[in-house]
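Asks: One structure follows; several queries about it will come next.
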Amino acid sequence: MENSGCALEVRWVQGINKKKVTFINDHTVCYPCGNFIVFHDTNTGKWSFLQCTTGSTGAFAVNTYSEVVAFSDQKLHPTIYVYTFPGFVKRAELKDGAQLDYSLIAFSHAAPYLASYSSIPDHVLTIWNWQESIPLCSKSDSQTTYTTLTFNPMNWHQLCLSSERSLTVWNIEICDNQYQLKAMPVKLPSEDGTTDIEEENLNSHTSNSVSYYGPLMPTSAVAGLVGDEAEIFIPKEQRKHSVQPSFHCWNATSDLYVGCAGGQILSISAETQKVTILAQKDQSADHLSRTTLLEGNIKTMAFHKEGLYVAGNDGVLHLFTIKGSEVKLEDSWNAQEPIDSISFSPSYKTLSITTSKGSLYLYNQRNPEETYKLLNVYSRDLLAADFLTFGNKYCLGTDISGHVQLWSVEDGKSVSSLNLNIQATAMACCPSSNYAAVGSSTGHIYFIDAVKTEAPRIVQRTRLYCVPVQHMHFDPRGNFLLTGAADRHIFILDARPSYSFQVLGYIVVCGEILTLSSLSSADTQQTKVMALVCPVDERKEEKGGTQLEMFSLPLQMLSSPSEYIDERGMFKDTMIQKISYDVDQPLFSAVMGYNSSSVFGYSSNETILLKYVIHKDISGSPVTALVAEKVVRGSQLGPGVLCLSPHLKWMAVSGRDGIVYVKDLLNMETMAQLQCHSYHNGGINSLAFSLDGQSIVTTGTCDGALVCLQWKSSGRSSSRLGLAGEYGKDLALSLQAAMKEEDQALSRMPVWTADADSLGVERKGKEYSQLSVDVTEQDSFPNTSANDVTWIKRKLEEAEKKETEKYAAEKEVIKTGIKKLRKTIQAMMRENESLPDIEKLDQQEFNLDTEEQERLYLDSEKEVARVRQEIELENLSKQYLREVIKQECWDSMAVKGRSVTAFHTGYEVMNYPMKERTPKELEKFARVLNLMKIEAVDLKVRKEIVETQPKIGPDDEEEVEEELMKCQDSSSLVGSLSDHYGGDTSCLYSQLILHSREEKINQIILLQDIIQNIKNAFNKDFDTVCRQKEQEITRVMERNNRIQEIMVELNLQEKLLEPTFTDNEKPERALTVDDSEVKVERYLTPEQKAKAEHLAKVEEAKRLAAQEDNAKQRALDDMMGGVLEVKKEDILRMEVPQPVFLARTEAEWTEEEKKQFKEYEKKCKDLSEEKEKYSKEELKINNLLFSLLIEEEINTRVAHLAYILDKKRKQKNQTAEIVKSFKSQVMAFRESYDNLVAEDKLLDRGFKKEFSDITSYQVDQLYKLYKRRPRVQRLRTQADSTAPFGERPGSAKAYKDSIALLMHAMDELDTPENVPEGVELPVWQRFCLARRSKIEYEQQVKIKALVLAEMQAFLDKRIEEDEKMRQDIENFMQELNVLRNEKMKFQLDLTVQFLLKQGQVELENTDLIPSFEDAILLHRSVIEDLNSTIKGLGEQKIASMVESKDFRKGIFQLEWEHRKIRMEMEDLEKKSRDISLLHVSKEFQVFLNEQNYDKRMSDQIQVLEETINAQEKQHGKNVKTYKKILKDLETHINKKIIANLELDKDLQELLVSFSERKHIYDVVGVEQSTEKAAKERYMEIIQRRKLVDLAKIQAQEIHELRSEVDRLRMKTFPALVQMEY
């Protein structure tokens, strides 16, 4: 490629990221698009582009202060790049900050800092110094994925991160060179403006009063939570939907304004995290409406000096002024589209507004009426783009929503647009006329007139398919339009507008159409077409790959198309010379080469390009099996799409890697390549050449970018480009006349409408209507009606109509023959019915179509089998469910649940359904019982050993025994009457000693056993009553039979009372199905029918025999009631017979009858009362369970407090270590600061000593100048500035600039003109150096003072945190101690159940003398009735709650199963994707390609063995050499050791002699050195004096020379003498 001399470059890029548009300076807007950053100058309209060469751009940010742009690439371990504007110089690369991708990046406004946030999987917030490319600090937060990141413009130490569920303010704290991030989460209010109830640390309050409910516990302890979950737990009933932040911005007071998805605006203090909901003054009193400022979602905000700009889904830009918690709407501007983002320019005079449809407006803040639309680009994924005609002026693009837009090829400006409001699926531009064809998902083709580029329009619509159009292709000369779809039909249309885009016909291919390619030849007057097809069904299995189907379209077809098609519109294969070719590899894309003698394809399985040559055999017929003659490397990621240049010399390859490769077809080598799109988004979607080959336009997959490429001008590539240009010019000249004619015809065509289309159809006399489509600017798709038929369907109807007319006579003859044949067969069937059985024929003998009958029979059998299988499966599932329910609710029950109902009153008493006690329960009960016995024996023994028994006299023994008997018999302290109903309470603990947890649990086990015994006793009584009722019903039935006989004899017709058992009394009925319950007639086989008839006859015989006179039975009925012996229990039952007066109304009863009725009711009522006898034992269990529950809550709270204490202690240790470490750093830095201040003071004090060689007057003058400092002018903000943030804090750059200004001012002060009188120049120069040194020290002191103050503030915060941690630990310790005391008090304050006499009510005596003036005396039966009603309603409510709970559980179970299946589906998809992307290594390829792989491996092993042997020999030689060298070195070391010992001895002697000589010198040479020093000082003074005199003389000479220079300069000035005219 380097030798080709050709290179591509980006001409322009179009597309916009709607949420990332911002200013980089006052007149330049920038935004990311694909893997480009686009910069647009709003003044000149010029474009510039910055490309991300490593992939698609991810996060994006701009610093207007430094005019730099930062963006991240999308790859593994991404990098953040920082570039300058407009030079695009790389300033920094920030690496190792994320693993997968950066979600957000943001610049600080003044300081050289950048914040980045990476989401999954690390969730890390990192602060960078982008100028030095180093990370300063980072913090991980794995619980939240944030969506917005901003720095505080007034304080770079603060930044804010927000997501849809949370908002966090981060503080950057600095201590010298160490940085730390501290998070301050903000508690968001609910949507109605209230905040959730926060869980407080409720301290247990000590109290002397006994509380039945125990100490007050927080909700988390009641829920049983311990740990971090308890800190954030809020009960479900107290939870409220909080606001959802969507965007935030800072104001000038360092507060935050937050816009929410529900239309609320919040004001948050960054220091205190206090949240205020802003509301308008004039809103209604409704609290919810007051908290909602805008209808719909607030998507973006921007703060200005005049107020807050807010925009969102409503498409209106609002300006609010805020005062306190109230806002006022000042102004608004309607964009008529949902607004996605807004951004101010650095001067805050212009606001950029980006809408969801891709429009970019520039809003003038001072003059809103001057707002104009800067851009109008695609808002969705691009479908395709192509050049109009020659391709040197305009190109046309379409997105998937049917939005058509025209662009200028020269500069990329948007010319016009047209919204079709359809789902576009394909697009192509005609090379011979200025129009485009767009295919839709409904199978329609829309023809767009672009002659007037400023106003494109729809001129015609044609429906060809019932499925979406997938392919559209024009031949190179614009004569034919070819379309393809999934139904395997290729339609050929006349592409000339003068013929109204006439449909010429269609062909059907053998499979799915992959690509279409054509080649026109002016010599042969025909067009070669090739379709790449993927066969389906059997053909695919036979061929195993793709096929090439080629056919020819002669130009003569345009004038007489009917000669080439049949009556149904299908082309004849012989007329178009259709032929198919098989290729050796499956292809994804293919194009025809020059003269259609070669085919180029891109493999579907590999990233290779293949060249096929079409040959002919000896007989002259073409070879249908093609083998690749040349294979070259394609793109990096496949598969790819191929596109030929118009002059057929180049081929462009575009794949998923996003790179455009241009190859020379002569040698298949790459001429040029350029990265246009990112492989992360899917690479390139479409590519097109201009007619002269000078431009290429590409669209990306899912990145919304439209890229136009051009060739770089160079001498080496001019010849190739010239050939393409010449071909384009020649083709344009040949098509110019036709183009002019067709454009005129296109201009004459009216605008297409649905009404005009329908009228046109009616004029042609057709009986089908057209589709009604509303092509407006709204986002609505057309509704396809049933009458909107396709072209092929109309052709079929016309052909059928012609065939019907042509063969009408033949059809009539056939119909007449069929009628005669039917009559003959019917006569034969009637004759067959009259024949004897032996001569009759079967019915099927008269069936003429046995095959159809057999088919129908088989279909019916299949359907019956399917239905039978479904019914069997359904029955099987129901049987399984029945068995499960029966096992759980019936078989496992030792005592089945049932009831007994009174005959007349409706009273119903239920027994206790009981399961068998498990061995574990019995073992547990036995263990507790043995424990009780052991404790009783132990207590008895201890009492005998320890206690002294008092002596009891004989007179007192009887009293003691009586008291013991009373205590044993009394059940008051036991708390129930369970021992009267089968329960043994002798083994229970006393209620007054239940303190420990184990005792309470053992008591519950014993009480459960007592309840079990009570239930068993009750069930026995219940069974007795049930048997009595059965006997009573049997007796009544016998009586009824006798009464029935008497009534028959007396001819009476009265209804008798026939008592029966209800379903609750006989629950086993639910397990069987009675024949009466089956509503469908039972199917019986012939054998079963015969058996049923026999049984019916037997029953009838029995009934007739029973009707005969039976004297014995009648005698028994008359004398003894139908029995031979009257049993005793029957007599007892007869004591309370059923009253006969129940048939009368209650008003007719006598007093005696009422008395009898009450006695009759008593029995059932007693049974119902016995049911409540065990409730007292259950009350005791509930009390114990309640105490255990409270104790569990206390233990949970204690465990949580212990967890918090442990956590706080660890944090306290950490804070203590941090304080200790930073305190030492601060002390060390303070020491260095004090030293620097001391040095600075020493400079001040030593000034006069340094200039002691001059007079005191001169020293004073110099000292004043020494203290003088120049004034540095500062740039102040203008009073009329619209910037809301004013003067921001100084940055490091500003400080450096101020130092530079100071030094520049010092240079002016150091000039010789400022030398005081009498001071010599050398002294002045020395003074200037001293003053500069003093200033440098002062600046260092200032810097260190600021750093020290910052470090001290940091240390104070850490000390404050450490103290707060200590205080928290003390508070929690105190709360824990109080809670333990409360626990002990609660364990000792027992709840005891006493048994009171029935009918007594205990009242609290609040006064000394109780007053009963307002009291009412009620009978206990009233209260009992009320209680029974309440209890019944409570049971109903509990039943409904249980049913609701079970239903919710079922929903949750289904949701979990759904999620499980979804996850399994995702796992399977991932496995499938991994299998499809399985990488085949080079070794596998060698193994597969090598025929004798074992021989190859043996040869390699032999070579390796020889190599190893050679290396071993060489290694042995090297070892010997190294051993020899080592031996020599050891000998040399020994010699050196001996020499060093000798030198040590000499050194000791030299040291002794040196010390002796030094001592002599110190004694003798002091006086000589003093005299010598004085003499040297004197000579220095003399020399200095001479130098001063010389400097004065030279200064005088310089002064004289300067005066002479000034005099000579004045002579050279021109003399301007006023002249008179």
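In case you wondered, yes, glycine gets a Cβ from its N, Cα and C as well.
Not measured: the values here are computed from a predicted model.
Annotation comment: Swiss-Prot describes 97-138 as repeat 'WD 1', evidence class sequence analysis. Residues or ranges marked as repeat 'WD 2' by Swiss-Prot: 141-180. Marked as repeat 'WD 3' by Swiss-Prot: 293-330. The annotation repeat 'WD 4' is assigned in Swiss-Prot to 334-373 on the grounds of sequence analysis. The repeat 'WD 5' annotation in Swiss-Prot covers 377-417, and the record cites sequence analysis as its basis. Residues annotated as repeat 'WD 6' in Swiss-Prot, with sequence analysis given as evidence: 464-503. Look at Swiss-Prot and you will find 634-673 tagged as repeat 'WD 7', backed by sequence analysis. The repeat 'WD 8' annotation in Swiss-Prot covers 679-721 and is backed by sequence analysis. As annotated by Swiss-Prot, coiled coil applies to 792-812, 850-870, 1026-1046, 1098-1118, 1150-1177, 1362-1389, 1451-1514, 1591-1611.
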Asks: In the same chain, who gets a Cβ under 8 Å from the repeat 'WD 3' (293-330) while lying at least 6 residues past its ends?
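Replies: For the repeat 'WD 3' (293-330), the sequence-distant neighbours (Cβ-Cβ under 8 Å, at least 6 residues beyond its ends) are 246-252, 257, 259-265, 267, 276-281, 336-344, 348, 351, 353, 355, 363, 365, 1281-1284.
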Asks: For the repeat 'WD 5' (377-417), give me same-chain residues lying six or more residues beyond its boundaries with a C-beta closer than 8 angstroms to one of its C-beta atoms, as numbers and ranges.
Replies: 11-16, 18, 45, 47, 355-358, 360, 423-434, 436, 438, 440, 448, 450, 453-456, 685-686, 688-692, 694-695, 697-706, 708, 728, 732, 739, 779
Asks: Which residues of the same chain, at least 6 past either end of the repeat 'WD 6' (464-503), have a Cβ under 8 Å from a Cβ in it?
Replies: 423, 425-433, 435, 437, 439-445, 447, 509-513, 515-520, 522, 527, 529, 531, 553, 555, 558, 561, 569, 571, 646, 731, 735, 738, 741-743, 745-746, 749, 790-792
Asks: Determine which residues of the chain contact the coiled coil (850-870) at the Cβ level, with the cut-off under 8 Å and only residues 6 or more beyond its ends counted.
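Replies: Hits for the coiled coil (850-870): 844.
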Asks: Cβ under 8 Å to the repeat 'WD 4' (334-373), counting only same-chain residues 6 or more beyond its ends: which ones?
Replies: 16, 18-23, 25-27, 29, 42, 64-65, 299-302, 304-306, 309, 311-317, 379, 1281-1284
Asks: Considering every residue in the repeat 'WD 2' (141-180), what is the mean pLDDT value?
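Replies: Value for the repeat 'WD 2' (141-180), mean pLDDT as a whole number: 85.
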